[in-house]
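Asker: Marked as active site by Swiss-Prot on the basis of sequence analysis: Asp113, Asp130. Look at Swiss-Prot and you will find 5-25, 64-84, 89-109, 122-142 tagged as transmembrane segment.
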Amino acid sequence: MAKTFKFIFYFWGAFVLVFALDQWVKSLTLAGLRWQSKYLDLTYALNTGVAFSMLSFLEHNLKYLHLALIGVLFIYLFWQKTLLKTHSIAFGMMLGAGVSNLLDRFIYGGVVDMFFWHKWFNFAIFNVADVMINISVALILIQEIFKKRKKDDRMD
């Protein structure tokens with residue numbers, strides 16, 4: 001029972017922290033906070049698509065696709081408890097970020113983005129949730145690589 005509580009605590013803790021951080025930075029952005037530097041600007045953009053504004057032609061229907069994908073991932077993770085136990089923090093981060101962006105779609109009609117990297121090349125404008133999704137995917141990959149190596153070492 002204690003182990004079950006532990007992974008659920010990690011999952012929801014990561015979920016809430018990422019969701020709250022992303023929404024807080026977005027609220028500062030919407031309140032007018034702007035900043036410029038040589039490398040990174042804090043600005044405002046409303047992305048009606050997904051990464052790099054892809055699928056923006058779906059307009060308001062994109063939020064329902066986003067909702068369905070998050071719902072399927074939630075159901076799958078709670079059905080596949082082993083996967084959730086192994087990657088509870090990473091999936092908590094991923095889903096907290098996804099739900100935060102989904103909330104934006106329902107409230108603002110798109111996702112609030114604010115970070116613009118422009119040193120050496122102009123990158124797409126992104127937000128905290130986007131960064132957290134990338135970090136969570138990297139965590140899952142790293143955990144899987146080390147898990148496989150550990151398994152291979154035991155077989156030798």
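Positions of Cβ are set from backbone N, Cα and C atoms, glycine also.
Just so it is clear, the model here is predicted, and its values are computed rather than measured.
Help me picture these features in the structure, burial and contacts included.
Answerer: Cβ neighbours within 10 Å of Asp113 (active site), excluding its own Cβ and spanning all shown chains: 23.
Every protein chain shown contributes to the tally, and the Cβ of Asp130 (active site) ends up with 19 other Cβ atoms within 10 Å. Classification of Asp130 (active site) by DSSP places it within a helix.
Counting residues 6+ beyond its ends, the transmembrane segment (5-25) has Cβ neighbours under 8 Å at 84-85, 88-93, 95-97, 99-101, 103, 114, 127-129, 132 in the same chain.
Packing against the transmembrane segment (122-142) from elsewhere in the chain are residues 18, 21-22, 25-26, 43, 45, 47, 51-53, 87, 89-91, 93-94, 96-98, 100-101, 111-116: each is 6 or more residues past its ends and has a CB under 8 Å from a CB in it.
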Asker: In whole Å, how far is Asp130 (active site) from Asp113 (active site) when you measure between their Cα atoms?
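Answerer: Here the two Cα atoms lie 9 Å apart.
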